[in-house]
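Annotation source Swiss-Prot lists active site, proton acceptor at HIS907, citing sequence analysis. Here Swiss-Prot flags CYS50, HIS52, CYS157, CYS160 as Zn(2+) 1 binding site, drawing on sequence analysis. Per Swiss-Prot, Zn(2+) 2 binding site is recorded for CYS74, CYS77, CYS121, HIS133. For CYS113, CYS116, HIS137, HIS143, the entry in Swiss-Prot reads Zn(2+) 3 binding site. Residues annotated as compositional bias 'Basic residues' in Swiss-Prot: 1-11, 400-412. Per Swiss-Prot, compositional bias 'Basic and acidic residues' is recorded for 790-816. Feature annotation from Swiss-Prot assigns domain 'USP' to 231-957.
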Amino acid sequence: MGKKAKKKARAPTKEIQTMEISKKVSEEPPSQAGEIAEGDVKAVKETQACVHFDKALNLEKVLDKIKSSRQIKCAECNEGVYGKRGTKAKGSKGKKDFSSSDPKSNNKAIWLCLECGCYVCGGVGLPNGPQSHVLRHSRVTRHRLVIQWENPQLRWCFPCQLLLPVEKEDNGEKKDVLSEVVKLIKGRSLNNLASSDIEDQCSGSGSITSDIKLEGAVTSDIEARDGYVVRGLVNLGNTCFFNSIMQNLLSLDRLRDHFLKENGSGVGGPLASSLRKLFTETKPEAGLKSVINPRAFFGSFCSKAPQFRGYDQHDSHELLRCLLDSLSTEESALRKKRGVSDNDEKSTTLIESVFGGETSSIVSCMECGHSSKVYEPFLDLSLPVPFKKSPPKKPQPVSRAKKAKLPPKRVPKNVSKVSKVSKVLPGMVLSELNSSGKSMAVTADSDTSCSSLAPLDNGPVLETPSVLTLDNNQASESASQSDTGFDGSWLDFIGPETSGDETNLDMQEDGIDNVITAEVNQIVPSPNIVANSSVSSGDQTLEGNTERLMQDYEEIAKAEANLDEKDVQAMQSDECPATSGISAEFSQASCIGCDPGIGESSSSVNPWDEEELPLVVADSQILYMPYKEISCNDKSVEGECEASSSFVTGDHEPQNSDFVDFGGLFDEPETTEGPVFGPPSKAEASGVGFMAFSSESDPEEIDDSDLPVSVERCLGHFTKHEILSDDNAWNCENCSKNLKLQRLREKRKSNEDESRSSNTSNGWVKENEDEGFGETEILAVKQDPNDTSCVKDHSSDGRKAARIHSADESESKGTQDEDEDSEKVITVKRDATKKVLINKAPPVLTIHLKRFSQDLRGRLSKLNGHVAFKEVIDLRQYMDSRCSGEDPPVYRLAGLVEHSGTMRGGHYVAYVRGGQRVKETDSSSTAWYNVSDAYVRQVSLEKVLHSEAYILFYERIFSQE
């Protein structure tokens, strides 16, 4: 018993030894296996012929097994080809080496034995892995040939340790012996894919298996060997914008024909070479890996476009333009090195020959009918999309930052606060409405120290050029601030309106019973210079005297009527220049917001002298009274004049301790609303104002209220007539030329009129005007000096010569003027119509829908909504000239890019057409795939047409195909 037990214990050891031996045998050709694992796969056509294929193949048995089998699962571990749920079979005996629960089971594929039709799992690349069931099946059953279910292009022979060619020569013709097997595999793959997707959704596991990872799925038509395999691309770090564009470029037939032609003999630059490798990895016979790593190509591209380095999110349309431009520039540089001239017919680059089209812009003048046509090349059409304007938001009250109140200034008790009124502009008069609604006037009388307050009726106000008039709100503001002192800035007059009651209460608190009148002893010509004035204040009340004010008003009117203009001119000549300049500037400001009658009276001359009468002020008026005549030769006055001018311009800071600078009062930073585009910062996470730098407006929706928005509608809007007017008016060359000729004619005519008028002034032009050349010829014949009759003729000849010389001078002068006029550029702006049409249709039409926009504030927004598009589109109605001999511009959809999310963060996915080359308009023979980075799944055409497309790729249908 013990010996038997020992023999049984040795059996697994032998099995392990055989496995190790098989492992060594499988690793004997490291060059081939290593190259395949790295993705640098040689073409299957270059492999050697297998001597076991004809002997071992049992085609009938394999076909019967495929037709009779219900599920495609591994016979050892019961792992499905699509589900991969990781369930163990009863006969697996719980071995960990072959269990599907192994994390490496996701890298397995189903292989079909070509001798018995058994399904076994193995490696995705090659079936000779050390822990694959297909290797164990071959070792146990001695079966040598297998084919991969997910990619029938892979046929493997275990004794030869190499891939089998797809086609085999038979009587000089290349045929695929396994074509029937491949057709059955393809039919079963599509059916199982649909049923597996339905089961996963019903069982609730759709979160994992709804995005079926078709690693190396067969998407090419084997009969048409120019198809390709849709394979995922590794996300290198927020590179979905790059992967979505590359999936569409890899699906274009024209690019594939160029890069795969003659095995890539025409090697280009580094960017084109790395792109050729990507196309090679998508060949059907090279589908040995599930996912392609585009790191080499992306690094080569970033060397030419460094703005895409890093891990930031970018726009896929921007990347497409930069990529095409880089490829075209690289090819042009190589052609220059090779000495290819630009005039050669083949000088167009690959990108221009595939994506290049041409538009014609026709502009017609609405005045003369002249039209101009300009041709512009394009690589893609950017079409604007109509959108719904967001409803206007309710106006929110603008919360302006309140002025920081300064601490009260300490003033000696014996000095009344009223004395600070002396810092106000000399002779300033404030008017305000009292509680009874009548106007309360403050008058400044230079003859008396007492102030008077009286209600006034509204009446005309006499103004002078040196009087500044402000509105009622400004007057009340200045009156309310008179108790705290004038801060030296006219900006204080701009502020909220203060009622008369509040002002009176504030003034009573300061010990002022009524508005105060300042007596000016010495007046300086500057609004902010403190004058030598005294203000009478105290407990005495100011009594109003309406009759006295009316009498003063009548005296003022009489004084104005009796003024003489000479006195006015003399008085103006004695004024200081700086003062007059400031007065003129202030008088212009006084016209703003004042009554028409007041504005007219402001143009009158200042009639006031030293003994001026009190001035009557109407409502809503603030007047700066005129100043005394002071000679500008005084140094102190000169300094004050300089201070006055600098105060107006804001270039001088007074040294007065009571001065408060409000120059930056309105320099508040503009705050923006809305979310921010870009990665959030720490300030944003904590709620700090990150919004102030960049923001994102609310997402907008496509306007489909009138008609459903479609690509055809966007093309119609792109090619419709546009009226150019106002600032966008067109510079019509024909109108400019006509105007130029008209001006030359007028100039020539005026020169002729001037020459005639000058000759007429000599008195003899009319007499000899008709004789002209005849008299000159006669004078030329009479050349005998002895003849006395010739004297008069010679004198007349001199006059004739002078006349001819002057005429020549005028003619040369006119010609010179014409030359000068011809050199002048005359531009005439005319209203015109503009229409853009497609003049040359490209082989691959790229349509970019403008879903991203930026407003005037710099806020970014995305336009959400579906834009309808068709699988087949006809551009004949958008062409400039109708197609006669060439193929009509009919296109078929090849792929698209979709963006989901917002401006802050989103994701790009690609929808591409897989399978055979498009030869017919029938879409039933092709399959569509949704590719999201490394994940690939098959979708229906209806789902593709309902996606929110951002970039569309259309391939032109040619009759010769």
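Positions of Cβ are set from backbone N, Cα and C atoms, glycine also.
Distribution of Swiss-Prot features across the structure.
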residue	record	DSSP class
CYS50	Zn(2+) 1 binding site	coil
CYS77	Zn(2+) 2 binding site	coil
CYS113	Zn(2+) 3 binding site	strand
HIS133	Zn(2+) 2 binding site	helix
HIS143	Zn(2+) 3 binding site	coil
CYS157	Zn(2+) 1 binding site	strand
HIS907	active site, proton acceptor	strand
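Surrounding the centroid of the Cβ atoms of CYS113, CYS116, HIS137, HIS143, where the record places Zn(2+) 3, the chain contributes additional residues within 8 Å, namely LEU114, GLU115, GLY117, CYS118, VAL120, SER138, THR141, VAL146. Counting Cβ atoms from all protein chains shown, CYS50 (Zn(2+) 1 binding site) has 21 others lying within 10 Å of its own Cβ. Counting neighbouring Cβ atoms within 10 Å of each of the binding-site residues (CYS74, CYS113, CYS116, CYS121, CYS160), the lowest count belongs to CYS116. Each of the binding-site residues CYS77, CYS157 was scored by the number of other CB atoms within 10 Å of its CB, and the largest score is that of CYS77. The two recorded residues HIS133 (Zn(2+) 2 binding site) and HIS143 (Zn(2+) 3 binding site) have their Cα atoms spaced 13 Å from each other. In this structure, HIS907 is the one among the recorded positions HIS137, HIS907 with the smallest number of other Cβ atoms inside 10 Å of its Cβ. In this structure, of the binding-site residues HIS133, HIS143, the smallest number of CB atoms within 10 A of the CB marks HIS143.
For CYS50 (Zn(2+) 1 binding site), the nearest neighbour among the recorded positions CYS77, HIS137, HIS907, judged by Cα separation, is HIS137.
For HIS52 (Zn(2+) 1 binding site), the same-chain residues 6+ apart in sequence whose C-beta sits under 8 angstroms from its C-beta are ARG144, LEU145, CYS157, PRO159, CYS160. Comparing C-alpha positions, CYS77 (Zn(2+) 2 binding site) sits nearest to HIS137 among the recorded positions CYS113, CYS116, HIS137, HIS143, HIS907. Within 8 A of the CB centroid of the Zn(2+) 1 site residues CYS50, HIS52, CYS157, CYS160, the other residues of that chain are VAL51, PHE53, ALA56, ARG144, LEU145, PHE158, PRO159, LEU162, LEU164.
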